[in-house]
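What follows is a single structure, written as structure tokens, with notes after it.
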Amino acid sequence: MTNTLQMTRRTMLTGAAVAGALTPILTSGGGNASPTPVRKLSATEIAALPRRKLDLVKPPFVHVHTQKAEGGPKVVEVTLTIEEKKLVIDGKGTEVNAMTFDGSVPGPLIVVHQDDYVEVTLVNPETNTLQHNIDFHSATGALGGGALTVVNPGESAVLRFKATKAGVFVYHCAPPGMVPWHVTSGMNGAIMVLPREGLTDGHGKELVYDKVYYLGEQDFYIPRDEKGEFKKYDSPGEAYEDTVAVMRTLTPTHIVFNGAVGALTGENALTAAVGERVLIVHSQANRDTRPHLIGGHGEYVWRTGKFVNVPDRDQETWFIPGPTRGAAYYTFEQPGIYAYVNHNLIEAFELGAAAHFKVTGDWNDDLMTTVRSPSGS
């Protein structure tokens, strides 16, 4: 196993060097291809912009932010610390040697506004064992920043990119030769780039949300022993070969929301009140998904998460292709428990892709009422 891990690291380093060599090609070709020219600020102008530091929070919650931009573009400072850690992902004690941004699966949701400059400090503590980087699907050039942020244990890097596109986007680790292993070990998150004037229905109506929740759907691939029991390992490197063998079957053993079966159900349910307008950001970095709110609807849905597009209306289920982030807006109208699921019901009920909303308020008989209670014939 040690030799395999060493070979893997050499492959990663070689790949990183190749990616670095490609960087001038990628960046030099990007400007002319841009369909929407954006004024280029000089280094001096960027240095003079106001700066704002984000205090990120763990999902399903989202840091404090304004829905409309205040003033002009800013430099938004973000720090993401990589943490390799064991996570228990179900009630049976099944473990995964997770790779995470800031210790959670998914990594924190970052919220900025279009045309802000996002300055990310990526920290790989010396307590980790592997090389990592970060690829922002919202960024332009250098493999989403992946070619510029390769950090070994004990290193850090600082990347700045301009958030030119409005929408919800994936970010994930993408070390050369090992991308799927890192992503399916939990190393992904999302960034939401809001339009500077806030969300609309595409026809001029403002869409203001009272709450925003961030759900990360994660597929895990846990090896089994000869008795069919899930195996446990001391480190990610020790688990590597067995995990990749399961990954190649394209058959997850677990598909969960926010890192574990039941992480967002029961006592951990998301909360809302009748009349509250809730934005649900749905994150899946690897597979297609089909969110459905049982008892409710997608009042406005950006299926691929891009706010320049007119949202779909009154959806029962919406399709989010992987790897894409989607967003849905809903005003809760009845109290009770709502199940939010991947409506591939096998994945929801058998593998774990389910969450609950617990909604308080007064019941509306006009929307639903019992005409006759269940009784014998």
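Backbone N, Cα and C atoms are what each Cβ position is placed from, and that goes for glycine too.
Database features, via Swiss-Prot:
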- 1-35: signal peptide (SIGNAL)
- 99-194: domain 'Plastocyanin-like 1' (DOMAIN)
- His132, Cys173, His182, Met187: Cu cation 1 binding site (BINDING)
- His137, His172, His343: Cu cation 2 binding site (BINDING)
- 259-360: domain 'Plastocyanin-like 2' (DOMAIN)
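Met187 (Cu cation 1 binding site) sits 24 Å from His343 (Cu cation 2 binding site), taking the CA atoms of both as reference points. For the domain 'Plastocyanin-like 2' (259-360), the number of residues in each DSSP class (helix H, G, I; strand E, B; coil) is 9 helix, 51 strand, 42 coil. His132 (Cu cation 1 binding site) sits 10 Å from His172 (Cu cation 2 binding site), taking the C-alpha atoms as the reference points. The number of other CB atoms found within 10 A of the CB of Met187 (Cu cation 1 binding site), across every protein chain shown, is 29. For the pair formed by His172 (Cu cation 2 binding site) and His182 (Cu cation 1 binding site), distance between Cα atoms is given as 8 Å, rounded to the nearest Å. When the Cα atoms are compared, His182 (Cu cation 1 binding site) and His137 (Cu cation 2 binding site) turn out to be 16 Å apart. Summarised as a single figure, the pLDDT of the domain 'Plastocyanin-like 1' (99-194) averages 98. Neighbour list (His137 (Cu cation 2 binding site), Cβ cut-off 8 Å, at least 6 residues apart, same chain): Gly144, Phe169, Val170, Tyr171, Pro323. Each of the binding-site residues His132, His172, His182, His343 was assessed for Cβ neighbours inside 10 Å, and the highest tally belongs to His132.
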